[in-house]
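Okay, so here's the structure we're looking at.
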Amino acid sequence: MDKYPFLREAGSSFKDRDVTKMSDLIATWDGQDIKGPALIGVPLSKSSISHSGASFAPGTIRQALKHSSAYSAELGEHVVSELLYDLGDIDIHVTDIVKSHHHIFQTMHALLSDHPDWVPLILGGDNSISYSTIKAIAQTKGTTAVIQFDAHHDVRNTEDGGPTNGTPFRRLLDEEIIEGQHLIQLGIREFSNSQAYEAYAKKHNVNIHTMDMIREKGLIPTIKEILPVVQDKTDFIFISVDMDVLDQSHAPGCPAIGPGGLYTDELLEAVKYIAQQPNVAGIEIVEVDPTLDFRDMTSRAAAHVLLHALKGMKLSPFK
């Protein structure tokens, strides 16, 4: 095409020779051994108890990630040293939620077994996927601590609606896949949960940190206080980020938005801090609904959560 120097690929954006975007560093997985972080999408939203277009989120988060600069001023270099592979999306059954959860577990378990050095960056999807992702992590890695950023406990009973985006941690605790004392819930909000589910979480010794508690003590000090306690009892840490932990002004594209949540910068700093810890097994982002979003604000915030996780991993003295 040298004969037509001003003709370019349809839809292509402005290209600055001095800027490296994440799109320049993200590549389709070639089937080779995976070492370190790599992306995988889980486009499930049928299990949401409210209207949800979270199945579209892996695509919009990817786009927001690709449009971001790869350069971190804090690092003084790109946030990834080599290519960041994208494994694609896990196939979701058209109508069967239970079968979809099995697809997720089976795929994650097989990949983690075959690639023990893989650190999954999971793009949900509604929060129901956490049952399958964390189950796969726990069965392949060992005793796992879960840091759950969420406005809700997500321990609803399964009798009233089956496996939904409100039940993943109930199922994980009931089936003893994780222990309550190894689950840290950060950002639990007022008027977003029931007394029965708070009682269930407390009965199982879940580490609950409400927004009121976080506002009084600070998010990072809270994490610094509780994290060593669970690290001493577990082999790995998994980070689960429900984007509705953010205040509705920061994340309008969530099915269950509400006031009084975390600010984006607080979440980013917290994820970066946790990602610097030893034996981080991965991170998932759930409950982004692009159909409700404004100018992709929530997908952009989710992409920055991933970027700060990558930055934390690169800053880690344990890598």
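Keep in mind that glycine also has a Cβ here, set from the backbone N, Cα and C atoms.
Sequence annotations record features per position, and here Swiss-Prot assigns Mn(2+) 1 binding site to N127, D150, D154, D242 based on sequence analysis. The Mn(2+) 2 binding site annotation in Swiss-Prot covers D150, H152, D242, D244, and the record cites sequence analysis as its basis.
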In whole Å, how far is D242 (Mn(2+) 1 binding site) from H152 (Mn(2+) 2 binding site) when you measure between their Cα atoms?
9
I'd like the Cβ neighbour count for D150 (Mn(2+) 1 binding site), meaning other Cβ atoms within 10 Å of its Cβ, all protein chains included.
25
Neighbouring C-beta atoms (10 Å sphere around the C-beta of H152 (Mn(2+) 2 binding site)):
25
In the same chain, outside N127, D150, D154, D242, whose C-beta lies within 8 angstroms of the Cβ mean position for the Mn(2+) 1 site?
S130, Q148, A151, H152, N165, P168, F169, S240, D244, V245, V286, E287
Measuring Cα to Cα, how many angstrom lie between D154 (Mn(2+) 1 binding site) and D244 (Mn(2+) 2 binding site)?
12
Do you know offhand how many angstrom separate D150 (Mn(2+) 1 binding site) and D244 (Mn(2+) 2 binding site) by C-alpha?
6
Near the Mn(2+) 2 site, what residues other than D150, H152, D242, D244 in the same chain have a C-beta no further than 8 Å from the centroid of the listed C-beta atoms?
N127, Q148, F149, A151, D154, G187, M243, V245, A256, E287
Any idea what the Cα distance is from N127 (Mn(2+) 1 binding site) over to D244 (Mn(2+) 2 binding site), rounded to a whole Å?
11
If you count Cβ atoms within 10 Å of the Cβ of D154 (Mn(2+) 1 binding site), leaving out that atom itself, what do you get?
27
